[in-house]
């Protein structure tokens, strides 16, 4: 007998409110309807009413987890229009912030993934590690969630003591190598729950326009840090992680290996931190007429900004495309014919962020 | 005859029945929580926490969901509770004044199944899809874990030529009893609904499943039943090891130690695994469960 | 110029590319949506998003942003009576983008397979990102 099972908007397995209506037959899911829009805040509209300096703070609030990347991508777009060059040290610090944020986001995701399959011990271990990442973020920026590090043309705060941060990064690296990666790649119950589940073929991934770890786990060779480097990725060298097994396990492994790459980038950037100013002496308050797009790789995938300026201190239009906006619809392609028991894990495997999606 | 009644009532209400069963069950449940918390780097609750949980639920207002028969809503947990109390009274723990007769094992098996049956019915009557999915899962899981559970008990009964539980408690420890204890332990994981078999009450999948619409007093009764079930099922493993000892205090000590060890082993398994799916669990019990059963039967007949 | 752009121009009839610091820009009024969808799918270009801009004369500019690696391709089209042919009918990734644009700017996409509201709360009218509507909504909430 077919029946409809609602997951959400509020559900123990979801971080944020959105709704999946599953049409099931027994324990098999036949189709899913996705509804979003529960946390819409009209940030794009608000951004058109504030000046550029306040906008950088505003767009940080698009997402509670990948906040830094929004500010930095917006800054990139505005810098393109205004022709502002970013000093080397600021480029490196932006990279370090971006990678720390990725680490923190992937760890958060791993914890929730573990919780969704009832693996509470793993959840505790991972959140303990994530706490260390947030300690580093706090040491650098003074904040644990919305960092306020990005200013037009540079960053607001300098890294004064790279050595102590290197030591903290070393501790996280050990935790990742000893606990997180072995368990996620070798534990039998985890493999039983993830292998061959929630398959998203490469063709579907392209059709839905998916981005980020989700796309890379489906064999799409796309990482903007490598193909169109920004910040300091060109100097540091970057290797993307691509797998083509297309299932939840591939997404787990892609994220696990990305965390290792992030740690490497952070250490490299801290060791080679160039000296110099962290922002230009004079940053214009008004930006000349023009329009520009900017893209960067957030933890969940590619963030896209379009900024149009009309020569005043307020943007005429800010368009934000977050990775979850394209990733969430692809849930529909993944769930068909899957078991109901796998639904929390499948939806978690794309790392949906509803604040991002609704803005 | 009068004496028999007094003994029976004592067994039902005090030892090993309701009172001591609840206390022992709460103690074991608290130990699981504390132990898992310590494994996960958390503090864990104080030992009286399960009692407070129960007391709090009793004090809450009970809301009966629309369209659910109130008699049925209350009757299901009560029937489950009463059957588990009777089952506990049959358990030949040391010092029990209890009821014992040839064939009480069969009665015990029936009574153990009652709360499970009540759970499944409760899942269906509360008209929530989550509860219904949970009930289906529980029903499927019952078929799975009963294979090693019944297999082990029947093999022991064949070996001891008796369906009387007291014979089990008096039997010497042999390879057959140890194997039977292992088979019972394997079934215990699913009976207590802990990881990797916390499938019918999966919080993240079906919002805790069967009891999702239950609250207040009826939920408290379900929780109490769960505590009694814990002491009964763990006690059932424990009594297999008290045979060789003569002194009652020694018997009690061994009973207690084995119970604690069983609970710790359960929780090590629970803390180190993720939740499986129903079909995984079914496959597990129908391959490893059958293997364990065959081993127990072979050991019982040959050794 | 990238091979993909040349192929895309051949297949869809786009012309006069404008190269800028952040990619290639096209403007076209007549582009065939089916051809565009087929062509971008063949060339593995992903639809990143579409931006809606108010022109001031009651019409809207819609910018389709396609990406592939370092390549960024932007196509500008203009609405006619606030109507546009839908791309979502041929490209699933455009579905949510067009639904959202319909919520925010009340641009109608003809032939959209699933034209329900996406993010708009029930109590606000469609097109609440339009300058005039946004201003009046704001005044209303201030008056309260």
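Cβ atoms are placed via backbone N, Cα and C, with glycine included.
Of the residues proposed, A:246, A:353, the one TrEMBL records at the same Ni(2+) site as A:63, A:66 is A:353. The binding-site residues near residue A:63 (Ni(2+) binding site), taking a 10 angstroms Cα-Cα threshold over the set A:44, A:320, A:356, are A:356. Residue A:66 (Ni(2+) binding site) has its Cα within 10 Å of the Cα of these binding-site residues: A:356, taken from A:44, A:320, A:356.
In sequence order, the binding-site residues from A:44, A:63, A:66, A:353, A:356 that place a Cβ under 8 angstroms from a chain C Cβ are A:44.
Other than the site residues A:63, A:66, A:353, same-chain residues with C-beta atoms no more than 8 angstroms from the centre of those residues' C-beta atoms, the Ni(2+) site, are A:62, A:64, A:65, A:67, A:69, A:70, A:105, A:298, A:299, A:300, A:322, A:323, A:324, A:355, A:356.
Mean pLDDT across the domain 'NADH-quinone oxidoreductase subunit D' (A:116-288) comes to 85 in this model. A straight line from the CA of residue A:353 (Ni(2+) binding site) to the CA of residue A:320 (Mg(2+) binding site) spans 14 Å. According to DSSP, residue A:44 (Mg(2+) binding site) sits within a helical segment.
Long-range Cβ contacts of residue A:356 (Fe cation binding site) within its own chain (separation 6+, distance under 8 Å): A:62, A:63, A:66, A:300, A:322, A:323, A:324, A:325.
Long-range neighbours of residue A:320 (Mg(2+) binding site) (same chain, six or more residues apart, CB within less than 8 Å of its CB): A:43, A:44, A:59, A:62, A:70, A:303, A:304, A:305, A:359.
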